[in-house]
Amino acid sequence: MDLFCSHSGLDPLWDWNRTWHTSSPDLTQCFQNTVLVWVPCAYLWVCAPLYCLYLRHHDRGYICISRICWAKTVLGFFLAFCGFVESLYLLLERHREIQRHLVFLLSPAMRSLTMVLAVCVIHVERARGCRSSLFLFLFWLLVTVCSLVPLRSKVQLALDEGLSVDAARYLAFFLYVSLQLAQLVLCCFIDPPPETTKPEPDKNSCPVTNASFLSKIFFWWFGGLVVRGYRSSLRVEDLWSLREEDTSERILSTPGAGLELAAAVRHTFITVLHHRRGLRADRTAPRAGLGAGPGAGPGRGPAAVPQEASDAAELWEGLLRALARSFGPCFLSGTLHLILHDIFMFTIPQVLSLLLGFMSEQGAPLWRGYLYAALLFLLSSLQSLCNHQYMYSCSSVGMRVKTAVMGLVMGTLCSLVLTSSARRECTVGEIVNLVSADTQKLMDFVVYFNAVWVAPIEVGLCLFFLWQHLGPAALAGIATVIVIFPLNGLIAKRRSKLQEVQMKFTDGRIKLMNEILSGIKILKLYAWERAFQERVQALRERELHTLRTSQILYSLSIASFSSSSFLMAFSMFGVYVLTDPRNVLDAQKVFVSMALINILKGPLSQLPSAMSTSMQAVVSLRRLGRFLGQDELKADSVVKTPFSPEGDSLTIENGTFSWSHSEKALHASGG
């Protein structure tokens, strides 16, 4: 690159004396005319094919060209025209020395072709129903940011030499940057909805459906409800209706979720059973005919399920796998926000260390301090944005998972395919707990699951950076963590067992209450109120005793993690000072170490909740798997034929009748 720039009479690509070790920093002309121009162009040319492929598979309809689209198109072609004019001017004026001006010729030509590509992407988005483009916003933002350095150089040069030297070139460059900024502003607005979009029947629809990507990132769409709540008390009529993708009707009818989730779960269940027990796969078939219509109830038709499906202890993995396949992509998008949040979080202490080093350095340029302070503000803002986006996306996915599992459980009941023995085992109290408590555990699991694997990584990175600042004294903090983690692992395992016992008591109590309410007349007639009251209270006391023990263990876990940051700071600073008299705690070591220890508070406080929630979710998955793996009626057991006045109305051939598999069966061999 230096050789390429030297042919055009420019400085090398990078010069530390001009960029860093100076009171007036600036980038070299080679860097400004190559890297700052080529990086935005490379971003668009590399990512545009992938983005167009994504739009091809996510067609939302056709959008008629609007005024905003016309403005973007005109500005894009004008920017391309300016680049072509600049290239043509160089060809005409410097054609004899064109080899010495390749940099100045190549950059505007590449810029013009990129602007044409940007206009094409605008219309591809319009044809595919993309109303607000984050992809093009990042491009125009990158172009504008890269133009700020040449703009500063041009302004400084104009102030030093005056505009009379080359006024036309200065004005053309300023106009070009202004048009780029206008394109950036236009990308923040949203286009009208596609022609195929159905009109909203609800006047109080959720505004997020018509919000731009910037409004979604900063949650501006939520501001109207906040202002309304500030001015007056909110009522039910003020709340928005659910988005279409969050409604139970959409979740239970979208391919890959809801009703189709039932088919995926059943197929996965049977596959797991065949794999583990060595059964032939052709003995059973996945459920068919799902989502046939509203008249079919939840839409689950009977299917041939092996009798071994009652052993549901092996089926919860199939349920988890089916949920991951249905809602995994949305969950992974939230995980990406969490990874970005952690990157920004661990960058802040490093920038803080540079800022404190700048304050202790004599004769350092003042602009470095402003740069570090601006970086701290920017990183903190980005960290907060990523954290809120992660919580919002995981909460949305958790709500959809809860809705889908509730629909799956209710579909099993309403389809009337359970055998009589299975109906006797599944009590009303257990079903109520499955729909209310266990589905809520799964929703909490979606929100806190990432903390199970992210928290140990965050703890390890914090200890690594503490080692860099305090040396072997960081081992004292590692020792504290080593003591705390196994203790909380034992507590989480014990709480998981306690939850299983608690849910059994809860199921028995709800079952007994349902029996009491259904037979209240007999109970009153024989004056059995006190006897049944004592039985209910006995079950409730056992349930509360188990819950109390679990909460005591949870309090011990929270207390150990909450005090861990103080114990780590006390032990590390104490060991650092006492091991060597030359170890002095200056401002840089103290503040950076405390910043890292404050970061530790997050994973150390989230880890017990995440471990507890994960253990409870495993218990809930096992309970759901046990229910969904109950024996069901076979599809070929009953054959329905058209009515005929001649012949028998009911025919039984080789029938076997029993209340359960363990009881003696009655056989009918004749017709």
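Yeah, the Cβs are placed from backbone N, Cα and C, and that goes for glycine too.
Where the annotation comes from TrEMBL, it is an automatic prediction and has not been curated.
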Exercise. Identify the region 'Disordered' range according to TrEMBL, selecting from 11-31, 242-262, 284-304.
Key: 284-304
Quiz item: Taking 3+ C-beta pairs under 8 angstroms (sequence gap of 6 or more) as contact, is the transmembrane segment (442-467) in contact with the transmembrane segment (338-358)?
Solution: yes
Quiz item: Among 35-54, 134-151, 171-190, 338-358, which stretch has the highest count of C-beta pairs below 8 Å with the transmembrane segment (74-92)?
Solution: 171-190
Practice problem: Could you tell me what the rest of the chain brings near the transmembrane segment (338-358), counting residues at least six beyond its ends with Cβ under 8 Å? | Solution: 364, 368-369, 372-373, 375-376, 379-380, 382-383, 386-387, 390, 450, 454, 457-458, 461, 465, 469, 587-588, 591-592, 595-596, 599
Quiz item: At least three Cβ pairs under 8 Å linking the transmembrane segment (134-151) and the transmembrane segment (473-492), pairs spaced 6 or more in sequence?
Solution: no
Quiz item: Where else in the chain does the transmembrane segment (98-122) make close Cβ contacts, counting only residues six or more beyond its ends and a cut-off under 8 Å?
Solution: 4-5, 7-10, 30, 33-34, 37-38, 40-41, 44-45, 48, 51-52, 69, 72-73, 76-77, 79-84, 86-87, 90-91, 133, 135-136, 139
